[in-house]
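J.: For Arg136, 158-161, 228-230, Gln234, 283-286, Arg465, 476-477, the entry in TrEMBL reads substrate binding site. What TrEMBL lists as Mg(2+) binding site is Glu154, Asn156, Glu384. The annotation ATP binding site is assigned in TrEMBL to Glu154, Lys322, 380-389, Tyr391, 413-416, Glu439, Lys467, Glu473. According to TrEMBL, the domain 'Glutathione synthase substrate-binding' annotation covers 218-319.
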Amino acid sequence: MSSSTNISDNTMINTSKNLIVRHAIDWALAHGLNYRVPLTFTSSTQAIPEPIKYAATHAPFALFPAPFPKICFQKAKDLQPIYNELFHSISKDKEFLDAAVKSLGNSDNFITNLYDIYQKVQNEGLAQKITFGIHRSDYMIHNKNNEQTLQQVEFNTIASSFSSLSYLTSELHRYLAKRQIYPESCKIDEKNIPFNNSFLSIANGIAKAHELYGVKDAVVVMIVQPNERNAFDQRWIEYNLFEKHGVKLIRKTLAEIQQEATLEGPDKKLMINGQEISVAYYRAGYTPNDYPSDIEWQARLKIERSKAVKCPNIAYHLSGTKKIQQMLAVPGNLERFIKDQEKVKFIRSSFTGLYAFDQSESSKEALERLTKNPDDFVMKPQREGGGNNIYGKDIPPFLSKLSEKEKEGYILMDLIRPEIQESTIVRDGKADDFKVISELGIYGIYLSDNNDKPVINEQGGYLLRTKSSSSNEGGVASGYGCLNSPLLQ
């Protein structure tokens, strides 16, 4: 595959590109492909009205869809139900989770606190046995010797974002192609931009979990961060949940949960201001920054102890740590959870090299390679969200400052080298050309009843994020990347 057939080629006259940008920004603003931005006033004497603290701007997006190998896209979709099953099984395996956390020692207070909650609810007994996960498995296309392979970056089990805005981005690109706003030289056929079902899949999953809970008048609570910029992505889930299923959703921070929520009755119903909660859906709680005090940790424990269906529960959250990802790469561990050898082989084909900082032979060999070629590696902590990884030549000096115990909180990973393409990123009303790389995420929905019988196990659409090839991180909300769509080839 060539570098995107240069669909953002500089030979396109500026007036033509400016016209596309105007069409794209207006479409985005009109259709809710938006971010919140804080309101500012020119006069220092003007107070910002309390209910209206935000305006809106378009979310960052790529002006052109990114060429992507069709066979790899289909493989990622086919993998998702198997990954859903795998991580569900991991979440049920206390021995495996115990071993994973204990191998980290006391190197990560965040994981230690999550594990403390896990142990408390395990010892107390689960008030809710319905299990619900909204996942996202992220991949890049590794290019080596002109061969392209799909390799997993990470598996997210909590607060997988952008399901709504990614759908809108693909619809934006399909619109621009169908209206023939793109120049003919770009050769963008809307039929090669796959339909994205992520707009409804998340709300549909939540609605089914609500139905299994069995109280029609109960409501869903979305746990959100204070001053959330990505609120429109979340609001679309709220609106679809109500308009398609008649289920109401309220938004609360962890601090508000602790202040307003109670557990009532022997079955520990989660009640907020007199409303029974059917599903607690996390769009926060994945980073230490979400727990600035003990209040937030108390709220997390309160939710976990309750009858509400958690998305995710604490076991799912722990299952999504990088340590689990690394342990699955150890021969024999996949077979612990998956008996079908064809499925084992299929999943393993998506792995890249993953190593612990321990005394295993594979780790020793990786550390030797790191010394010689540090640019072949990335070092990752047990964290979700952008901005946490250490790359290339920064790894050895960073490692030298860590104690052996602190090293246990990280994994080492072979760096995936995707093809560098050319694209135009539109951010804050400005369009700039970059050399870029892209990362594909596939959403997964898994729901099992209180007898652990699967009710939903499916892929739920896709997310494509594009970032400058000079940027190591790719989080859109973190300011590192933009939303995009695949142009299948």
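Just so you know, glycine gets a Cβ as well, placed from its N, Cα and C.
Nobody curates TrEMBL annotations by hand; they come from automatic prediction.
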J.: So which one is it: of the binding-site residues Ala159, Ala284, Leu415, which has the fewest other Cβ atoms within 10 Å?
T.: Leu415
J.: Whole-number Å only: compute the distance from the Cα of Arg136 (substrate binding site) to the Cα of Glu154 (Mg(2+) binding site).
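T.: Computed Cα spacing between Arg136 (substrate binding site) and Glu154 (Mg(2+) binding site) is 8 Å.
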J.: Could you state the whole-number distance in Å separating the C-alpha atoms of Gln234 (substrate binding site) and Asn156 (Mg(2+) binding site)?
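T.: Checking the Cα atoms of Gln234 (substrate binding site) and Asn156 (Mg(2+) binding site) gives a distance of 17 Å.
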J.: Go ahead and report the DSSP secondary structure tallies for the domain 'Glutathione synthase substrate-binding' (218-319): helix first, then strand, then coil.
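T.: For the domain 'Glutathione synthase substrate-binding' (218-319), the helix, strand and coil counts are 43 helix, 28 strand, 31 coil.
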J.: Looking at the binding-site residues Glu154, Asn156, Ser161, Ala284, Tyr286, which has the shortest Cα distance to Leu415 (ATP binding site)?
T.: Glu154
J.: Among the binding-site residues listed here (Glu154, Asn156, Pro381, Tyr391, Lys467), which has the Cα closest to the Cα of Tyr286 (substrate binding site)?
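T.: Answer for the nearest of the binding-site residues: Asn156.
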J.: To the nearest whole angstrom, state the Cα distance for the pair Ala159 (substrate binding site) and Pro381 (ATP binding site).
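T.: With distance taken Cα to Cα, Pro381 (ATP binding site) is 18 Å from Ala159 (substrate binding site).
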J.: Glu154 (Mg(2+) binding site) to Lys467 (ATP binding site): how many Å between their Cα atoms?
T.: 17
J.: Within 10 Å of the Cβ of Tyr391 (ATP binding site), how many other Cβ atoms can you find? Include all protein chains, please.
T.: 15
J.: Say you check the Cα of Pro381 (ATP binding site) against those of the binding-site residues Asn156, Ser161, Arg229, Ala284; which is nearest?
T.: Asn156
